[in-house]
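Right, one structure below, let's go through it.
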Amino acid sequence: MDIKLRKIDKYIWEIPKEGKMNVPVRIYASDKLIEKMKEDRTLIQARNVSMLPKIVKHMVVMPDGHEGYGPPIGGVGAFSLDNPPVIPGFVGFDINCGVRLLRTNLTIDEIKDRLNLLVNEIFRNVPAGVGEGGKLKLSIDELNKVLDYGVNWAIDNGFGWEEDRNRIESHGYLDFADSDAVSNTAKQRGKDQLGTIGSGNHFLEIQVVDQIYDEEIAKAFGIYEKNQVTVLIHTGSRGLGHQVASDYLRLFEKKYKYDVPDRELIYAPYDSKDAQNYLKAMAAAANFAWANRQLITYWVRKSFEKVLRKNIESIGLEIVYDLAHNIAKFEEHTIDGKKQKLIVYRKGATRAFPPGHKELWGEYKKYGQPVIIPGSMGTASYLLVGQPKAMELSFGSSAHGAGRQLSRVKAKKLYSYSEVIRKLREMGIIVKSTTKTGVLEEIPEAYKDIDEVVRVTHELGISKIVARFRPVAVIKG
């Protein structure tokens, strides 16, 4: 299908509004990244979304955009609240897949002799892989509380510190969640998966600070020096979130016969009971994901204490920030000079509110919302902060990762498992995985250049680079 694409600035591209499109499509990318997007259906999928009713301003594709289910991954779309479409495919199957960054008071020299032991201990405590269950087996009644209260349930039950909830987007809890909107099938899948990583591109990394770009902001977030040890957790709502998406997609597919450019964009009208139930179930799955990352944090803290034989106060392991990158949120944005309440979908995109935004607090309000962009296995990750330009360009959103460029099938054919492990060892990275496939599918070559994605994000003024981290150990499914 022919896409009319015009370049309107160094890193800004547009598919002009025409035909059935209700708004133009804006793509933020370098020449190199836009060429990658042309290789799959990213641009076609973004144009399809622009044809949906009630969409405002423009459909956005972030620099890490690539083909997904329905809308592209790296897609951001905002809709007026005048009975807009509620689109499960625009949140995706891994509801509140997100990342959490922890900082320590340690340098790599203090732990390098025990790094292998530490990785093994975390691997024991935090299961990874498809369908893997965790240490916690919840009754359905208890699981309902997790779904309704998110991170609050975890902290109230001793799995965290009081200050943890103040270092999480939305305080780790969406108040419109309702466990009754989540099917029993989804609950059965999720009841023993709290505190687990899962498979695919999910991981837990022990990292070190590689470079600090803004010392004042880094210090405010607890990042003080090069070679300081950090931990990055990347996971979501596991089988429960996947089932929520499947349940509602199936229901909407059967019940609503709207003329959509792609059946994967099936939706229910916001004012319908079905749409409201999906939003309640999505919020419940998001709460589950925040509780999941909280339980993993708890076990990481316990593992560090045991292996290093130090108390947690001297180790640190405070949360720098935790954010969602697959979610729908109700937010206020300025459209044509007027403030409007909108529903904003971010699918493979990170909220990036600027300094002073009313939804931020403490040091985040002063410096901007932290944006954590993980790289692929073996490559750097970045900490940035949201900037004012994000509100104008991308509904307060930023990139979320490197963005896949090779399918899992193709990635597996490039190297043998032993070759990948050897290459990573040569880079000084320990890898512990449940399966060989999990490593082969996630080789660095399967992803776009993280440095390029971050550079474009920074130069556009969407987010500002604060620090870069490099992995020393990776745990995968």
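Note that the numbers count up from 1, one per residue, in the order the chain is shown.
Backbone N, Cα and C atoms are what each Cβ position is placed from, and that goes for glycine too.
The DSSP secondary structure for CYS97 (Mn(2+) 1 binding site) is coil. Taken from Swiss-Prot, the feature Mn(2+) 1 binding site applies to ASP94, CYS97, HIS202.
Long-range neighbours of CYS97 (Mn(2+) 1 binding site) (same chain, six or more residues apart, CB within less than 8 Å of its CB): HIS202, HIS234, THR235, GLY236, SER237, GLY241, ALA289, ALA324, HIS325, ASN326. Positions annotated as Mn(2+) 2 binding site by Swiss-Prot: CYS97, HIS234, HIS325.
In the structure as shown, the Cβ atom of HIS400 (GMP binding site) sits within 10 Å of 29 other Cβ atoms. Taken from Swiss-Prot, the feature GMP binding site covers 201-205, 325-326, 374-377, SER381, 400-403, LYS476.
Per Swiss-Prot, the feature active site, GMP-histidine intermediate maps to HIS400.
Here the C-alpha separation of ASP94 (Mn(2+) 1 binding site) and SER376 (GMP binding site) works out to 18 Å.
The Cβ neighbour count for LEU204 (GMP binding site), using a 10 Å radius over every protein chain in view, is 24. When the binding-site residues HIS234, HIS325 are compared by the number of other C-beta atoms lying within 10 angstroms of their own C-beta, HIS234 comes out lowest.
For the binding-site residues ASN201, ASN326, SER376, the greatest number of Cβ atoms within 10 Å around a candidate Cβ is found at ASN326. Cβ proximity to the Mn(2+) 2 site centre (mean Cβ of CYS97, HIS234, HIS325, cutoff 8 Å) flags the following additional same-chain residues: ASP94, ASN96, GLY98, VAL99, HIS202, THR235, GLY236, ALA324, ASN326, PRO374, HIS400, GLY401. All chains included, 24 other C-beta atoms sit within 10 angstroms of the C-beta of ASP94 (Mn(2+) 1 binding site).
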